[in-house]
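To start, the structure under review is shown below, and the notes come after it.
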């Protein structure tokens, strides 16, 4: 099987250049396939080719080729050290000749030999690379933007319009420079991610601490991270305690506490204590590396709108050449029109018909939006998903770990006996001590509740511990037998004490979606404790915001009983609640939603909800930073455990769709208006190039507005 090699490409400025570069690389002997990712500025080469050969294939655009791994660990490769003058000397010199040419025209007239000579120099100096490419394409009958411009400039020279020909050259060069700048600006959001993680780390080996480059750090090495330093590699804490700012990866604004065995990510900032971290991944496998790789792949994916534009442009450019030829020849041949006038009009049509603005309208918006999402802790796997999210009508949520925190907590503790606070505390300690010996999934909530209130659970010695299957637990403390269990257990033990008042309290807790347990002896009830999977504080706001953004229906799907589901669903404000569902039921429900609403998203944890996530139009996984599975399988991953990023993603996607539509519409309308100027004979080369350049500038600036989108 042929080997695949990925290179980063510096200097890739336009989609036409990318297509030509791809064709050139495919022609290299030994290469079986080449795919350029214009958004990410990368090329994947299948087969045998040296860097020098690939670079030679891009010599027409002075492209610089860097191996992907080398460029990743050293973003300095992408820093252009050339001065502005050195980079743009042809453009500047051409502009100077044009300025002097117009001065000569004012003083000596437009037919003066020096005036025309200055404009000719301006055309050849400023249009050298344009002509070189245009003539090659013309000989191959490839009708690109360069071909259109070359024909237009030759025609202008042929009818003696040297001044306007020179203006076409310089304004086209300015237009290309603006396109290059806008794409670089859009890509910068991803390149900035490369700078997040340090290139070196303090590593302890054989008892000695030394600075080691990330390429040389191995799995199992111990990194020493001081307060205020960034973490260079993914790993887990083996010593120390601190708060780590994970905003760069997850978008979380509040630092996250880190203790022994907690995971940390490359590119995050250690804010407080000294940490010793065992490295768990190589530099190319860190979470930030995966994010960069997947985002760049996403930027290379063609969105439906982009596919439409590319197909349209393929037929549009030859059509413009035919229309221009007809305008130039039909009026003089059939209606006795002036040849010079109509040839000039035809040349103007060639220039105004250049599809620069149309071609760049979609990629600049997609690349910018995906980059903005990544910087805010949202990984979108491609332009197609960005467009799909923008058209969502319904969103389904898994309950556990999505709308709720996924961790049981004690929500209520009700004492049923009159006693001092000291006795109340002792009662709770006895109950928690019993739960320490239990395997019940809710036991951890009772223990943690006691620990957070600094209760000494080790002070109690439990004897004769027994589990009562399906009902609760029993144990002896200081000669007294205590029980913790369900209401059913205590109805059997203490039927006479299970009063209407206690029954009401238990029922009220259960109606709120909580699990009620009782604590007591075989002689008296002591307390009621309620445990629940705590609803995220942000869930209600998120659901409300989604409805404001135009999501018609929000649905909570859960395997919990209907009473618990209703309690939590009503609390967060979803429009529909479905309980007691198996994974297959969730899958069937998503399929039905798609029939009813068309485009549907499913939000879950990326593992348990895999079938439903896969069936949805867009599968959105929570907490992607903690699981490779979520990053790799979901269409969209919310990197932090933060549901509030969902409304931001919907808003960004809808704004992206809006801007793409604006760009395509504006690009076509501005050209149509300019073409209509042919009828009264008002279209000039000046107007044509200004319409083309102006449209390109406006659509790129409009696309770059997506950098500023926030929720």
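Just so it is clear, glycine is given a Cβ too, placed from its N, Cα and C backbone atoms.
Per Swiss-Prot, the feature active site, 4-aspartylphosphate intermediate maps to 398; the stated evidence is a curator's inference. The Cd(2+) binding site annotation in Swiss-Prot covers 14, 17. Swiss-Prot lists 3-66 with the feature domain 'HMA'. Swiss-Prot lists 89-109, 111-131, 151-171, 317-337, 347-367, 669-689 with the feature transmembrane segment.
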(message) Can you break down the domain 'HMA' (3-66) into helix, strand and coil residue counts using DSSP?
(response) 22 helix, 23 strand, 19 coil
(request) Can you tell me which of 151-171, 317-337, 347-367, 669-689 gets the most C-beta pairs within less than 8 Å of the transmembrane segment (111-131)? (result) 151-171
(message) Whole-number answer please: how many Å between the C-alpha atoms of residue 17 (Cd(2+) binding site) and residue 398 (active site, 4-aspartylphosphate intermediate)?
(response) 46
(message) At a 10 Å cut-off from the C-beta of the residue listed as 'active site, 4-aspartylphosphate intermediate', count the other C-beta atoms across all protein chains.
(response) 25
(request) For the domain 'HMA' (3-66), would you mind checking the mean pLDDT of the predicted model? (result) 83
